[in-house]
Amino acid sequence: MIKQRTLQQAISTTGVGLHKGNKVNLTLRPAPANTGLIFRRVDLDPVVDIPARADWVRDTQLCTCLINEENVRVSTVEHLLAALAGVGIDNAIIEVDSHEIPIMDGSSHPFVYLLQSAGIEEQSAAKKFIRIKQPVRVEDGDKWAELLPHDGFRIDFAIDFEHPAIADTGQTVSIDFSANAFIKEISRARTFGFMKDIEYLRENNLALGGSFDNAVVLDEFRILNSDGLRYDDEFVKHKMLDAIGDLYMGGHSILGHLRAYKSGHALNNQLLQALLAQQSAWEFVTFDEEQATAPIAFWSPATTTA
């Protein structure tokens, strides 16, 4: 049986919020089977729990932001969610003492390292997957994203930037996640931004925590980071990383084929909402056989609970 996963033990880290630049403390805690992923604002009294669910995504302007009915929010959740998806964590309590998750180095890799350091524990309940049965597509002008039936999880993603430094890199990438590709191929891809946009955001009291330590920064012609890129196609791979995190708001790993062109947080969420609303297009599946093989490769090792 392919089992649900949580952490073996709690683990904490400290970082900086991207938009306000404040120090943020983050703790990841184990959770019982069938809990899901819960963000907990421990800076509030009483604490407020916000589940990672597609219908709670109510702001996608600069990042993915969860907002509950009382207007309590947790922002910049997508990189952490991508790490949880890539490692295959189903259940966790995510404690944070701010309205935004720390940006760390702008990628998912620090969160992957945290999860690996905490250890992965398999639970007694079967892991649920969302299997795509029928195509679902959303469009916004020339941008589009679609989910198609597929045995496993595959992404074909394309971006289209006229910037010379981005045009010189690969703007199309295809990855089949039946191989253990997320940690090696995707997790280290950093967010990126343009100096002219960053200056505007800071004038409006945003992106105050942004720096060369947590983003790839470009001027009109070139990459300004002295250490260059981590992948030749880091720009499109970061957009893929964002999509993985955004789609994990469905609460389960997807078995299907994501194809996307110039998709961002808003379109990713629209696609997930459209999928969940069209009940004939998907189904929950589990793999209960004793020798069942996971259709998506997740990081190992893991220990088994009683």
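The backbone N, Cα and C atoms fix where each Cβ goes, and this holds for glycine too.
Annotation comment: Swiss-Prot describes HIS79, HIS238, ASP242 as Zn(2+) binding site. Over all protein chains present, the Cβ of HIS79 (Zn(2+) binding site) has 32 other Cβ atoms lying within 10 Å.
Positions annotated as active site, proton donor by Swiss-Prot: HIS265. HIS265 (active site, proton donor) carries a helical DSSP state (H, G or I).
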**Study point:** Rounded inter-Cα distance in Å - HIS238 (Zn(2+) binding site), HIS265 (active site, proton donor)
**Key:** 12
Practice item. Starting from the Cβ centroid of HIS79, HIS238, ASP242, the recorded Zn(2+) site, name every other residue in that chain with its Cβ within 8 Å, sequence order please. Key: GLU78, ALA82, GLY106, SER107, SER108, ALA189, ARG190, THR191, LYS239, MET240, LEU241, GLY245
Review point. If you skip the near sequence neighbours and keep only those at least six away, which residues in the chain come within under 8 angstroms of ASP242 (Zn(2+) binding site), Cβ to Cβ?
Key: THR64, GLU78, HIS79, ALA82, GLY264, HIS265, ASN268
Check your understanding: Which of these recorded positions has the least crowded Cβ, counting other Cβ atoms within 10 Å: HIS238, HIS265?
Key -> HIS265
Point to revise | DSSP three-state assignment for ASP242 (Zn(2+) binding site) | key: helix
